[in-house]
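Before any comments, here is the structure.
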Amino acid sequence: MDAEKSSSSSFEDLSNINEQERAEMNSSTGQQQQQEAGTKNQKEEYMDILGNGTLLKKVLKEGQGERPESRDIAIVNFTGRLDDGTVVEEEQNCVVQIDDVEVVQGLDMALKLMNVGEQAEVIVSSRFAYGEQGLKNEDHPERTVPPNEKITYTVELVSTKEETDLESKTYTARKEIGNKKRLRGNFWMKRQEYNLAIQSYRRALEYLDESEGGITNPTESGNMEPTNAELQELLEDRMKVYNNLALAQLKIAAYDAALKSVDHVLQCQPNNAKALFRKGKILDAKGDTEGAISFLQKAATIDEDDKLIQSELSKLILKSKREARNEKDLYQKMLGQAQKLEQKSKTTPATQNRETSKLCSFFQFKLWGYLMGSILIGVAGVAIYRYNNRYF
């Protein structure tokens, strides 16, 4: 009996253990399923804007107003944080023109999917934020964005409105907006994102060109045309944009477009050293070394202290000498080959004549041999005939 009790007791203990394990397993499975369900629900809360997880948006507070469209003027509040919670961007009542890359691309795209009054969380991957370069903040080093970091923005769309026509904008407004876009282009240029820089510069020119819709400067007494001094300031700003636009186009090898941009500058300012230098670089890239040298020489004459111009000019002169030397060597090589061919053509007929002469001599020799043989045979025949007549 003791043995049976012991055996029974042992069996019951093992059963209890299995039940406990089973309960733990069921509990663990339940927790895992809850976590998966929670993760699924969390994912479903976000709108996958691009469909690949690189740009996500979740509504924190519903808005009731309209959505902004391309080129609309929006006022937004936003705060950008890294995964560790570090605040890297923070703006209040920030004026943003939609699709003009005045904020990071991911945020620019998400704004078009928000209603006025809406608050949202937007998770932007590094590709649509500051990419492999990150963003160095010299004024506030603690807000520097490391390379390949995603940024989570908390965004509020305060208001949006259509942009007014250029014709209705004042000189002051057009100058202010144009230079804002010019500076944004410079920002993208420093980051070597040349296509975005070109986009910003082209938009800047729309505001800084007085031929686009005209410019007026309203006063209390009515509308007045801008003064010559104001138009000169606008011209100076426009020349800066064209110069930088030419550089950005040069960087992406759009040489013809770059030439058009830099020629805009030289038509108004023929002695603009920076434009002359730019044109020289463009011509060099197109393979016109001599043309490039002439423009760099003029630029060096105007700005004698610019070491970069002097350095590039020296390089081009050396390049021109190498090209001339290579061209000369190639010409001599071609000339040498031509002379060899000509000499060969002269030598061939003479050789053929010698061979023909030898052949003729050979046939003449054989002919004379036949003739001499015939004569000898004839003489021998006569002698034999006479000999026979003599003795018979």
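Cβ from N, Cα, C; glycine included.
Those TrEMBL annotations? Automatic predictions, nothing curated.
If you check TrEMBL, you get these features:
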- 1-10: compositional bias 'Low complexity' (COMPBIAS)
- 1-45: region 'Disordered' (REGION)
- 71-161: domain 'PPIase FKBP-type' (DOMAIN)
- 239-272: repeat 'TPR' (REPEAT)
- 273-306: repeat 'TPR' (REPEAT)
- 367-387: transmembrane segment (TRANSMEM)
DSSP helix/strand/coil residue counts for the repeat 'TPR' (273-306): 27 helix, 0 strand, 7 coil
Residues of the parent chain within Cβ reach of the repeat 'TPR' (239-272), under 8 Å, 6 or more residues beyond its termini: 178, 182, 185-186, 189, 192, 194-195, 197-198, 201-202, 204-205, 208, 278-279, 281-282, 285-286, 302
Long-range neighbours of the repeat 'TPR' (273-306), counting only residues six or more past its ends (CB under 8 A): 239, 242-243, 246-247, 250, 253, 255, 258-259, 262-263, 265-266, 312-313, 316-317, 319-320, 323
